[in-house]
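Some notes on the structure that comes next.
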Amino acid sequence: MIPSVNRSLPGPTINVREGDTLVVHVINNSTYNITIHWHGVFQRNSPWMDGANMITQCPIQPGYNFTYRFDITGQEGTLLWHAHVVNLRATLHGAIIIRPRSGRPYPFPKPYKEVPIIFAQWWNVDLAVLQLRPAPIADAFLINGLAGDTYSCSKNRMYNLKVVQGKTYLLRIINAALNTHLFFKIANHNVTVVAIDAAYTTPYVSDVMILTPGQTVDALLTADQPIGLYYMTISAYISAHPIVPVPTDRTINGLIVYEGAALNTSPAKTTMPEGMNQISTAHRFSSNITSLVDGPHWTPVPRHVDEKMFITMGLGLDPCPLGTKCIGPLGQRYAGSLNNRTFAIPQTLSLQEAYFYNISGIYTDDFPNQPPLKFDYTNFEVSGDNEYKMLFPERKTSVKKLKFNSTVELIVQNTGIITSESHPMHLHGFNFYVLGYGFGNYDPINDARKLNLVNPQMRNTVGVPPGGWVVLRFIANNPGAWMFHCHMDAHLPYGIIMAFIVQNGPTPETSLQPPPSNLPQCTRDPKIYESPTTNVDLSY
């Protein structure tokens with residue numbers, strides 16, 4: 001048995017219009033603690049509804065329920081909902097589709113049909129096993145819940161998308177995989193990207209896409225090829241070597257079926273990026289997308305920066321407990337590192353409750369604006385005690401406080417302390433402008449001159465290039481506690497996490513309001529896993 005929502009995989013698609021109020025009743029009939037995160041939803045004036053476990057709420061315990069209620073404003077496109085308790089997202093996820101308000105058109109030709117396409121990973125083990133460090137390799141990938149003809153137990157079960165020649169389809173693509181960036185390609189077809197992370201883009205034509213865990217792409221597919229069968233294929237993009245063991249030939253297929261096609265013919269095959277470490281292909285797609293200037297909900301980049309942070313990000317080490325054998329370098333355990341801090345998830349009270357009620361002992365507000373040591377970030381070598389200390393980040397629940405309505409710039413620098421790999425960094429409660437991507441160590445003079453301040457893409461999740469950097473900017477106009485973390489679930493226990501606390505503004509409307517009276521309460525020792533699960537009911 002697997003955890004499921006309303007007994008389906010993926011879970012139900014939630015359809016709303018911009019400006020709607022969404023009410024979702026979550027009834028936890030499972031034996032797991034549960035929260036549901038509405039990934040990418042701004043949660044303006046509703047930070048208690050974000051669903052971040054032990055950050056904005058304690059989990060919904062088995063046998064209990066909680067109602068999420070929030071407005072969806074200022075964004076259109078495709079997002080996702082998923083469990084925000086480690087690893088349950090593997091099967092507890094689904095699409096959120098936000099269409100324009102009634103009477104308002106898309107900023108592109110109306111498609112003939114809209115189709116959600118959700119990628120996921122599959123393990124032939126109980127999800128509790130995924131708590132192991134490192135997590136076991138997935139047995140398969142899924143397209144809308146099916147593994148397709150390259151996986152032994154599902155050769156006759158493959159997702160089929162039936163199309164009519166000459167018609168255009170809006171594919172609403174979601175990568176809900178726990179830990180893997182995925183390439184996506186359709187044989188002999190190009191697509192036109194029109195939105196990412198529920199933010200409209202300048203139309204961008206491509207024959208291949210890359211989605212990190214947590215990212216979404218809206219793309220127009222025109223059925224403009226001869227009538228026939230065409231594979232749609234996903235394959236893994238693995239940028240970390242050599243510490244991450246992966247299968248070298250794992251691809252999963254779905255099928256585009258033209259109306260009138262002979263079903264006994266062989267499908268046209270995709271040519272996926274060669275090898276699994278296709279950094280240049282991923283970078284080309286990710287960095288070439290720009291925002292649709294003057295499109296719905298577009299806003300110009302703020303030029304004045306109030307708070308500037310330089311954040312080194314990657315893996316470090318955690319001392320191996322006495323009497324334990326650890327498999328990491330130097331016989332230690334892996335740990336996450338943001339400015340040489342490993343985030344410790346609160347255990348007795350949610351971070352936001354501690355902030356609201358001014359309860360001490362849960363967190364400190366001393367997250368640094370820069371790492372404790374300047375070094376060659378992408379070519380790290382231990383040459384003395386200072387560098388050795390950088391191997392072992394300090395473990396604590398530290399946050400960064402931001403003044404209301406301040407403009408924040410984050411330079412996120414990937415490091416090679418243990419290994420260099422792409423990390424999908426997700427910010428709760430906000431979109432950010434992605435002003436630039438690059439490789440090597442960020443140059444505050446030369447690289448700053450190249451930043452896009454005119455039409456940068458807007459996202460809630462960005463892949464920081466392996467051995468590289470991104471520059472992000474956002475306006476802290478949403479009071480509350482907001483996670484900023486790697487969206488690879490294997491890295492959450494490592495602690496590649498920090499949190500922002502946005503302080504109150506001058507009015508009640510710009511201030512954090514009291515929590516709802518039925519906000520779930522923590523047990524004395526909140527545990528993520530109890531025993532094999534049954535089902536979670538979700539209604540809206």
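Backbone N, Cα and C define each Cβ position, glycine as well.
The annotation domain 'Plastocyanin-like' is assigned in TrEMBL to 4-102 (among others). Mean pLDDT, taken over the domain 'Plastocyanin-like' (4-102), works out to 96 on the 0 to 100 scale.
According to TrEMBL, the feature domain 'Plastocyanin-like' maps to 114-260 (among others).
The annotation domain 'Plastocyanin-like' is assigned in TrEMBL to 367-504 (among others).
Under the heading region 'Disordered', TrEMBL lists 507-540.
Summarising the annotation, TrEMBL assigns compositional bias 'Polar residues' to 531-540.
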Three-state composition of the domain 'Plastocyanin-like' (4-102), taking helix and strand from DSSP: 6 helix, 43 strand, 50 coil
Summary of DSSP states over the domain 'Plastocyanin-like' (114-260), given as helix, strand and coil counts: 8 helix, 73 strand, 66 coil
